[in-house]
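A single structure is presented below for examination.
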Amino acid sequence: MVVPTLDVDRSDAEYRAWLKEAVRKVQADANRSADTHLLRFPLPDEWGIDLYLKDESTHPTGSLKHRLARSLFLYGLCNGWIRPGKPVIEASSGSTAVSEAYFAKLIGVPFIAVMARSTSRAKIDLIEFHGGECHLVDNPCEVYEVSARLAAETGGHYMDQFTYAERATDWRGNNNIAESIFAQLRREPHPEPTWIVATAGTGGTSATIARYVHYMQHDTRICVADPENSCFFDGWVKHDPDATCATGSRIEGIGRPRMEPSFVPGAVDRMMRVPDAASIAAIRVLERVLGKKAGASTGTGLWSALRIVAEMRAEGATGSVVALICDPGDRYLDKYYSNEWLDEQGIEIEPYRELMERFLAGGSRLD
Ligand SMILES: *Cc1c(COP(=O)(O)O)cnc(C)c1O
């Protein structure tokens, strides 16, 4: 007896032609793009310690989320999850949505961002500028559920950066942020940094950097700087994957209410909890030193990196430390650069600013 062979062929020439063209457009966009700069943050020469900032604000969509959005679109396309005419939906604190709106427009699919109502106006405007639609919710914890529901209702694809960030990125290389940092350090006095400091929103950036460092057998250690109102610090310290935090983070882009699946605790060497006032003071110092405004998450990482520099000084160690400029400050003029907003929030940045300025003028301590 011959058992009949079951055979279902869903191949669709029209869809495949669309897919091919969509992947080509995303790849061509990458091919036209330049790498981001690794800036030097000057420290007193006699310290023998170099601090660098990887300036991710110069991507076409202005933040490190440009890399993530490109990876998520390629992953979603190659998995057959993104379909012609169907919307891409994302839960975002803003930056990812700005970059994804750009890529959605590039391949010609609709885009809907689900965000907390507290997201900065400038980011909402940028998403709309790139042709995206914003769906605002009152409770930041609802963004995941609302995104999944919208996807089910529209037949669209919920991109879900918080789950897929770590796996959509090629952590072994392929010009990811870590490979780029190490290539740019090649001719520096200390090409293998003692520490790289990242901050965590999805956790994807810290996971990519840490995995690359381990894979390449570097001695570099990875520190994640976490703001107030985020569960990552406690969850990491207590080895608790169920840690939560009820209040939303004031530092846009980082600090989460739950341990996001893309945050890879085991790959991280060290965590610091940074006061919001220190994060914001640090971007004011950054502006004085480099003439550049950045978002507050950049300040969270910079404060943490300066603490590590101070610690290296105290130990008499030389070497290099790398942190990131995550997004530009012009998105937050009415927030982190507004003294009224700081007063309203009860945030006092002066004591931290004084500590940093005294340290950078040759002081030995940062506390
Ligand atoms: C997303 C984001 C981060 C953190 O990056 P992850 O890779 O998501 O952890 C930091 N700063 C800003 C402004 C961001 O948007």
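Glycine residues also receive a Cβ, built from the backbone N, Cα and C atoms like all the rest.
Checked TrEMBL, it gives:
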DOMAIN    36-327  domain 'Tryptophan synthase beta chain-like PALP'
MOD_RES   Lys65  N6-(pyridoxal phosphate)lysine
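Looking at the shown structure, can you explain where the listed features end up?
Long-range C-beta contacts of Lys65 (N6-(pyridoxal phosphate)lysine), restricted to its own chain and to partners at least six residues apart, with a cutoff below 8 Å, comprise Ser95, Thr96, Val98, Ser99, Glu100, Asp327. Secondary structure at Lys65 (N6-(pyridoxal phosphate)lysine), taken from DSSP and collapsed to helix, strand or coil, is helix.
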